[in-house]
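Colleague: The structure is given below, and queries will be raised subsequently.
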Amino acid sequence: MEAKLILYLASCLLFLLHPSMANAINYADALEKSILFFEGQRSGKLPSGQRMTWRDNSGLSDGSTDNVDLVGGYYDAGDNVKFGLPMAFTTTMLAWSVLEFGRLMRGELNNAKAAVRWGSDYLLKAATAAPNTLYVQVADPNQDHSCWERPEDMDTSRNVYKITSQNPGSDVAAETAAALAASSLVFKHSDPAYSSKLLHAAMRVFEFADRYRGSYSDSLSSVVCPFYCSYSGYHDELLWGASWLHRASNNVTYMSYIQSNGNLLGAGDDDYSFSWDDKRIGAKILLSKGFLKNKVQGLQLYKAHSDNYICSLVPGTNSFQAQYTPGGLFYKQSASNLQYVTATSFLLVTYAKYLRSTGATVSCGSSVVTSNSLISLAKKQVDYILGQNPSGVSYMVGYGSQYPLRVHHRGSSLPSVHTHPGHISCNDGFQYLHTNSPNPNLLVGAVLGGPDNKDSFSDNRDNYQQAEPATYINAPFVGALAFFAGKPTTG
Ligand SMILES: *[C@@H]1O[C@H](CO)[C@@H](O)[C@H](O)[C@H]1NC(C)=O
């Protein structure tokens, strides 16, 4: 332990003396890129200010099969499907990033808000197109995945899928409520009319989610599973949605709801992941703020739960149980592991912020963990992603001198419609998936699935588990990067 500490201090000293040798991370550059990535995922009619210029309009008649307007929104990852559950979670996390760290984003704040709005505009349409209905998906993923096509070319069916009172989906509906409520806070001052529209839609969708209970995996089965099956059920989203509605509206109805249903977020059932599927720890951290900053009675419980979660991540504490790779990366699973790393890093810096505001610490049995330790742990994860890892590779496309070149992403791997305007059909596209050549279009800012539990990564387009980006990998990273970009001296 002591030898390690000396080594650590020596490396800090080295960093101070020779910053260039330590290959200093440029968080502001990474922040800018992490937001730009969302422009590459846009569906619909692109605005004149579009900066990811190899993309063009796509999905312009989405919704028409049901006579509704579902144009816009985000493709989730490397394909051309609009999946409601991860899109809503992405929007919630982008909004949370802006709410906590928007002040540290400087010139990037407007770009970050535009990224939130691209999601919230779409979710607002999906939630208000028809009464007692929420549109939750455009395109059949089985058909979409049998082609390798640019979004601008796609000619597979754009079926729409919805949940209703007869075919409920409390998980996707409550996450949509969370996204709309969080977004309403982002626009509260800059666009009050839009903000109140979002809040009212959020309240209605939440009521719908709570009243007609069920999982969308049961209602829509083969078109949402196994892609974005709701494995964790819908109780986590109901509490998460209520927590966001409470924060956005200050309406006591939601606090009573949380207090009478909070047992569904019990301390014993943590599995220490936070993702598009499982919102439990996100809700607990969010509710802790109510206790730490505003001393809301009845929320002490969530501070205790959040502490347990933090202790599980910190090596050396009595309840430590997380897994790290030999190179120090938080490791959860082989497919798209970095989604857990970015989400965890966001929660660490956010909880550190809440703790700092009242000088609180984390209790792990008899030991005390400070907000600075949380920040150091998050910094290690962020730095790893940006290239301070055994391979020396940045897992953010376009950041640093070495990054993956064969990203599993249709639009990025096929020639741009601007250089190759002719239609490339479903099957003709596969030559671009299987070639060893680098992608012709740089999906700047995309954070990929990332390395395995031994820090190994294969830059191979077929390797979707490691080489595919996703909007929900980037969304919480935006907040974590803003935190470090705004605090360049944090060590
Ligand atoms: C609080 O929320 C409930 C449930 O959505 C609603 O019926 C009530 O009108 C709201 N109260 C205020 C003051 O907005």
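Cβ coordinates come from backbone N, Cα and C, glycine included.
Sharing the feature lines straight out of TrEMBL:
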- H408: active site (ACT_SITE)
- D459: active site (ACT_SITE)
- E468: active site (ACT_SITE)
- 27-481: domain 'Glycoside hydrolase family 9' (DOMAIN)
- 1-22: signal peptide (SIGNAL)
Colleague: Residues with Cβ closer than 8 Å to the Cβ of D459 (active site), same chain and 6+ apart in sequence?
Modeller: P404, L405, R406, A467
Colleague: Taking every protein chain shown into account, which of the active-site residues H408, E468 has the largest tally of Cβ atoms within 10 Å of its Cβ?
Modeller: H408
Colleague: I need the CA-to-CA distance for H408 (active site) versus E468 (active site), whole Å please.
Modeller: 5
